[in-house]
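Trainee: Starting off with a structure, shown below.
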Amino acid sequence: MHSFPRWKIWLILTVLVVSLMGSLPNIMSTPSWWPSALSHPMSLGLDLKGGVHLVLDVDVNKAVTHSVEEDVDTARQVLRKEKIRYRKLASEGNTLKITIKEASDLAAAETLLKDTFSNYNLSPAAADNTFVLTLKDSVADETRKFAVDQAIEVIRGRIDALGTTEPVIVKQGDHRILVQIPGYEDSARAKQLIGRTAELQFKLVDEKGDLEKAMAGSIPPGDIIMYGPAKRGANGQLNRQPYLLKKHTELSGSEIADARVSIDSRFNEYAVTLKFNSKGSHRFDKLTAAHVGERFAIILEGVVNSAPVIRERISGGSAQITGSFTPAEAHDLAIILRAGALPAPVQVVEERSIGPSLGQDSIDQGMKSIIIGTLFVLVFMGIYYRMFGMVANVALIFNMLLIIGAMSMIGSTLTLPGMAGIVLTIGMAVDANVLIFERIREELNLGKTPLAAIDGGYDKAFSTIIDANITTLIAAIVLFQFGSGPVKGFAVTLSVGILASMFTAITVTRAIIAVSTEKRARIEKLSI
Amino acid sequence: MQLIRPDININFIGKRKLAMAISALMIIISLGMLAIKGLNFGIDFTGGTLVEVKFDKPAKIADIRSAISPKGYGNAVIQEFGSPEEILIRVQNREGEKSSTISTAILDSLNAKFTADAVEMRRVEFVGPQVGDELTHAGIMAVLISMLAILIYVTFRFEFRFALGADAALLHDITIVLGLFAITGKEFTLPVIAALLTVIGYSLNDTIVVFDRIRENFAANRKRKNPEDEGLIANNAINQTLGRTLMTSFTTLLVVFSLFLFGGEVIHDFAFALIAGIGVGTYSSIFIASPIMLSLAGYFKGNADETREMEARP
């Protein structure tokens, strides 16, 4: 046989060394001369490692409504400052409605609103002196986007407090967040920790207002009724204590510098002590100084937690949240208050959490089926194609090494369906060799010499192998595009496997056969 | 060793009417079962909650049901999963149930009844109603797009009628595998879609190998003084590639069976889809793809230039 190009042999040897070195970190550490960028063990997917996998949907429209609601406060302040009297201030979705009392103030109000609310489109006053301000679409989009980014930061803070290694928190699509906490089992606690908005507000109680009248329907302007937690009364009924509060939020969770678990000395209960930052302390100091003898309400996630009386001016800047917490509850509340409030509510729309024992079982069963499947194929190929079968077997083992090495080096994740993909690749990898060997047999039957038959077999099978593999690759690529999570893992191993098998089944087997035949002058018979 | 003799000559094309009848029957049964019984869609598509737990000793399904009934999940589907200790609990999404809270409630009530040490959380899956719809949509799109991509590729490499033959074989395979899922009532999940796409790739792989040989033989035939009938040439090509077709299916089935038997419960239905698909795919590449391609002869005939150009391709 004419000599096989040396560069191809060198290429094969290089690929062999690289895939060996790439696979090595899965068993032991690599020597120092090997670049560390290419030296990491194959990372396991959550379905093999166990852990919590959540997809969260951020209610981004709530973030928009929320920001518009806050602007009602701004409108109130600027109108008061300019002494323009108003009849009604309200927000609705992404619009603000402002009704001015006197028609004579309309011109001044229009200029003022235009200057203050550059983020809104202002429509001219209607007959009843009402201005409608609509949030600009670009601003609303920006708010939505920002809400997701901010939610990611807040959630990262909360999850980091769990002390797990390498959690994944990434944006998925426009308004979804993917959270993966490998090796973490307590999915209920993770959901609890992530899902709470932790919105904290401090409002003053309207001591002059009449709660009973307000409950009957006549709420004083600028006031709001909020409730305490549901408690079982003496008659067994669930009661919620109502409070008449000033609408205006004096302080919020964003002014908190720290939150720690503490013991409430009065009842000897677990509580969470909040420390304000400097801006918060300053405001708290002013607030308490101005309202001694009144009550201020601490509102957590829309529920009045407590409403203590301000006995004296408080300059230290700290407050306490109580509520018969268990130590774990107090601890988790401290975590979420420290990490800050979510800008918008989130919902878990998808969960796939795996316990550690199932992950290990899947690894064991996956490995078992890979080993048994490989052994079946190796034995069968050896029997059916004898020496040539053994050559194909060498290529098959090379192929698996290449898949493991490549997947380790490019840092792709191995999932359970991914393992199935490897198993399937084993079956299909020998296909190229089957095609070639069957063709060689045909050529021999046509009466060609052994060497000519080998050449003919490889040449004629080549285009078939390319066509057949490319079509499978098309299916794998589509799978990657449309699949999610574990299915993507299957697509990756299948694609890597197909590419690797084309190299090993064509080039490697050819090289082995060429090198082993080139020294021999004549070959009478092929062991095929 | 050689199981398929080189001089084998089975008249596959001659039996095409019989094959078509068998396939038509299988397709009708499949479509009928799909219409009557339908697929047993998993929570990936319907939305819902799935909780897999492992008990320290064999658990009674009635006990589990009574534990979760007070929480309102008495109508849950509860079944053994691989062993008597392992239990799978499935609950449909309720109206307005948007977040993943059911699993927590179920695990809490099981822990309360059997003690926390006796119950081990193996797996929790929750798919919200919206996500379910999205996954269904993505699954259907994936199958359609890969079929289209294949149609384009095969047209480019062969001829349009070859592409139609290949896609007909694919539709045939998918329908029958889906029918099998409807008949057996096996759960239709996201990994099964992955298996279907693999079957598409695999079945096509088989078909392409046969087509490749047909193309090669057609080209040789046209150079002859007295060209033979297309059907005969195609039949020879099928026979020539028969050894390879069966060998590859066999080795692939070997490993997929290993997956089916040892891969564990989670991968079981996935492996089942692959076995069924490879079986049907092998059959269709012999009996469906080529006969359909042959029967389309003349419908999409290119001019002589195109034929020459096609033969010039590798």
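Note that the numbers count up from 1, one per residue, in the order the chain is shown.
Cβ atoms here come from the backbone N, Cα and C positions, even for glycine.
When I checked TrEMBL for this same protein, it listed these features:
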type	residues	note
DOMAIN	A:148-207	domain 'Protein translocase subunit SecDF P1'
DOMAIN	A:239-344	domain 'SecDF P1 head subdomain'
DOMAIN	A:347-515	domain 'Protein export membrane protein SecD/SecF C-terminal'
TRANSMEM	A:366-384	transmembrane segment
TRANSMEM	A:391-410	transmembrane segment
TRANSMEM	A:416-440	transmembrane segment
TRANSMEM	A:461-483	transmembrane segment
TRANSMEM	A:489-513	transmembrane segment
Trainee: Cβ under 8 Å to the transmembrane segment (A:391-410), counting only same-chain residues 6 or more beyond its ends: which ones?
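Mentor: For the transmembrane segment (A:391-410), the nonlocal Cβ contacts are 15-16, 18-23, 25-26, 38, 40-42, 374, 377-378, 381-382, 385, 422, 425-426, 429-430, 433, 437, 492-493, 496-497, 500-501, 503-505, 508-509, 512-513.
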Trainee: Per DSSP, how many helix, strand and coil residues does the domain 'Protein translocase subunit SecDF P1' (A:148-207) have?
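Mentor: Breakdown, helix to coil: 22 helix, 18 strand, 20 coil.
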Trainee: Quick check on the domain 'SecDF P1 head subdomain' (A:239-344): DSSP residue counts for helix, strand, coil, in that order please.
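Mentor: Secondary-structure breakdown of the domain 'SecDF P1 head subdomain' (A:239-344): 29 helix, 50 strand, 27 coil.
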Trainee: Mean pLDDT for the domain 'Protein translocase subunit SecDF P1' (A:148-207), as a whole number?
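Mentor: Computed over the domain 'Protein translocase subunit SecDF P1' (A:148-207), the mean pLDDT is 89 on the 0 to 100 scale.
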